[in-house]
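Please read the structure below before turning to the comments.
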Amino acid sequence: MRKHSDCMNFCAVDATKGICRLSKQMINLDDSACPEIKVMPKCKNCKNFVEANDEGIGKCVGLEKEDWVYSTLNAITCEGHVFNE
């Protein structure tokens with residue numbers, strides 16, 4: 001399930017809510033995303049994110065040096081991010 005926080009149109013206001021840039025409405029970040037979602041690059045949707053455990057910690061193998069990362073880490077500026085198929 002994709003959440004509002006997985007969308008490029010979500011603008012965080014605090015730790016639990018934000019504003020949708022499309023509707024201009026206040027929304028909870030953990031609610032289900034709308035059909036207009038523009039998926040935010042995050043480690044969890046990258047083909048280079050592997051071996052994730054139950055807590056969402058995995059390994060990035062897409063950069064020069066492999067390292068442990070959180071699945072929810074924003075990867076908008078990551079040079080190694082490649083969306084999963």
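The backbone N, Cα and C atoms fix where each Cβ goes, glycine too.
Annotation source Swiss-Prot lists [4Fe-4S] cluster 1 binding site at His4, Cys7, Cys20, Cys34, citing similarity to another entry. Cys7 ([4Fe-4S] cluster 1 binding site) has a Cβ environment of 22 other Cβ atoms inside 10 Å.
The [4Fe-4S] cluster 2 binding site annotation in Swiss-Prot covers Cys43, Cys46, Cys60, Cys78. Around Cys46 ([4Fe-4S] cluster 2 binding site), the C-beta neighbours below 8 angstroms that are at least 6 residues distant in the chain are Cys60, Gly62, Ala75, Cys78, Gly80, His81, Val82, Phe83, Asn84. Reduced to three states, the DSSP call for Cys46 ([4Fe-4S] cluster 2 binding site) is strand.
The binding-site residues under consideration are Cys34, Cys43, Cys60, Cys78. Their Cβ neighbour counts within 10 Å are lowest for Cys34.
Sequence-distant neighbours of Cys20 ([4Fe-4S] cluster 1 binding site) (same chain, six or more apart, CB under 8 Å from its CB) are His4, Cys7, Asn9, Phe10, Cys11, Ile27, Cys34, listed in sequence order.
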